[in-house]
Amino acid sequence: RILTFSLYLLHHGLFFYLFVVRLVDGGSRCAGRVEVLHRGQWGTVCDDDWDMRDAAVVCSELGCGEAVDVLGNAHFGPGSGPIWMDDVDCSGSESTLKNCRSAGLLHKIHFLSFAIYELNILGVRLIGGLCCSGRVELFHGKTWATVCDADFDQQDAEVVCRELGCGAPVEVLGAAAFGRGEGQVWTKELQCRGNESDIHSCETSSKLKHDCSHDNDVGVVCAADIVRLVGGSSRCAGRVEVLHRGQWGTVCGDHWDMRDAAVVCRELGCGEAVDAVGNVHFGPGSGPIWLDDVTCSGSESTLKNCGSRGLGVNDCGHGKDAGVICSGVRLVSGSHCSGRVEVLHGKNWATVCDADFNQQDAEVVCRELGCGPPVKVLSAAAFGRGEGQVWTEELQCRGNESDIYSCPTSSSLKDSCSHDNDVGLLCATKFPDLSKVLTCALGE
């Protein structure tokens with residue numbers, strides 16, 4: 001925790017003022033509306049040009065770990081009183097917000113500052129999903145560490161979601177559901193009661209009960225994330241379900257298309273949409289059908305921003321439940337289940353070198369795309385030469401991962417590759433259960 005004390009210099013002497021920053025109405029001291037104390041009065045900061053660098057300085061000044069998100073438009077409610085700062089422009093390296101450039105306080109002032117640091121500050125973030133879902137990582141000292149799924153429970157999740165301003169936890173996911181982290185696994189066990197305002201207030205044990213690796217990294221979905229995919233082989237493929245009024249319901253597949261699927265994949269942090277499927281491809285859901293006749297442009301940040309008949313208004317049955325297959329991998333120039341292998345890296349698709357791709361890698365790609373097992377791995381640009389970059393890392397999948405991002409990678413390729421070496425893949429196509437098809441055909 002950092003408290004910054006500042007001296008206000010006037011022409012006729014020294015007067016002491018406390019210049020501090022706080023976060024208000026966010027559920028914990030590490031989330032909320034930014035407020036600054038000046039001349040004994042708290043005031044707000046205008047969000048014009050407010051960005052992650054500015055947020056990083058505030059989080060550092062408050063001893064709250066790293067900035068997870070930057071929010072404007074009175075996300076935490078409008079403040080009152082003066083607006084002390086506008087057009088804040090931090091480089092991100094400043095120790096306090098007052099050291100950043102801005103349109104200024106009410107008067108031009110000079111500061112002499114000193115700081116009191118409290119060590120061992122603990123912060124939390126969710127990685128691999130959105131702001132309110134992802135792999136749990138704790139900030140301890142100067143390092144982020146993942147958390148073991150066997151030593152993390154619902155009470156711990158309550159605190160994580162509350163600290164991030166994300167409502168109640170919906171689901172705790174084990175087995176690196178949001179991908180394997182890097183660096184260290186946290187060496188202590190959280191023992192939250194569930195009513196703490198932040199993770200720093202939870203008790204911890206001196207050591208873990210279980211031996212853990214990044215294969216056991218825990219993830220959390222908080223209630224602010226109201227979309228999930230169910231019944232697929234990973235969290236990035238399945239029947240689309242929406243949370244409304246505390247109850248999960250499905251989406252009707254009428255007019256469901258790739259633009260709608262693209263919004264869902266983006267909202268879940270699952271890469272790009274590979275396929276938009278209907279007719280209970282992932283099995284029928286239960287409960288209410290919350291959305292029907294969804295019409296997204298494809299640019300929306302969340303499914304709830306797309307057009308529809310309205311929540312709960314539909315003329316649909318669960319036999320038309322919509323599904324989505326998202327992926328960080330795709331097969332190009334063939335069919336959905338065959339083609340040149342390309343991996344999404346950042347915002348760009350990259351081909352994969354044939355010399356660094358094996359049967360275990362193929363197992364994961366086919367599984368992630370909702371296809372059957374691999375039939376054949378093809379080398380020498382069998383599906384044509386790709387464009388852009390060749391992926392610069394080597395996949396080292398074990399074959400049992402649910403998606404390609406869960407596979408370990410090496411830092412560099414064993415072989416020098418060009419697009420003449422782009423690898424291709426044939427996966428088996430999944431067929432429907434023939435017994436069900438015959439039963440329907442016979443009217444039984």
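Even glycines carry a Cβ here, placed using N, Cα and C.
Per TrEMBL, the residue from Cys296, Cys306, Cys407, Cys417 that shares a disulphide bond with Cys353 is Cys417. The disulfide entry in TrEMBL for Cys366 points, among Cys296, Cys306, Cys427, to Cys427. Sorting the domain 'SRCR' (146-223) by DSSP state (H, G, I as helix; E, B as strand; all else coil) yields 19 helix, 17 strand, 42 coil. Put simply, Cys192 (disulfide bond) is 13 Å from Cys161 (disulfide bond) when counted between their Cα atoms. Summed and averaged per residue, pLDDT over the domain 'SRCR' (21-149) gives 74. The Cα of Cys427 (disulfide bond) lies closest to that of Cys397, out of the disulfide-bonded residues Cys202, Cys265, Cys397, Cys417.
Within the same chain, the residues at least 6 positions away from Cys326 (disulfide bond) whose Cβ sits under 8 Å from its Cβ are Leu229, Cys236, Ala237, Ala261, Val264, Cys265, Leu268, Cys270, Gly271, Glu272, Ala273, Val274, listed in sequence order.
The two recorded residues Cys100 (disulfide bond) and Cys252 (disulfide bond) have their Cα atoms spaced 50 Å from each other.
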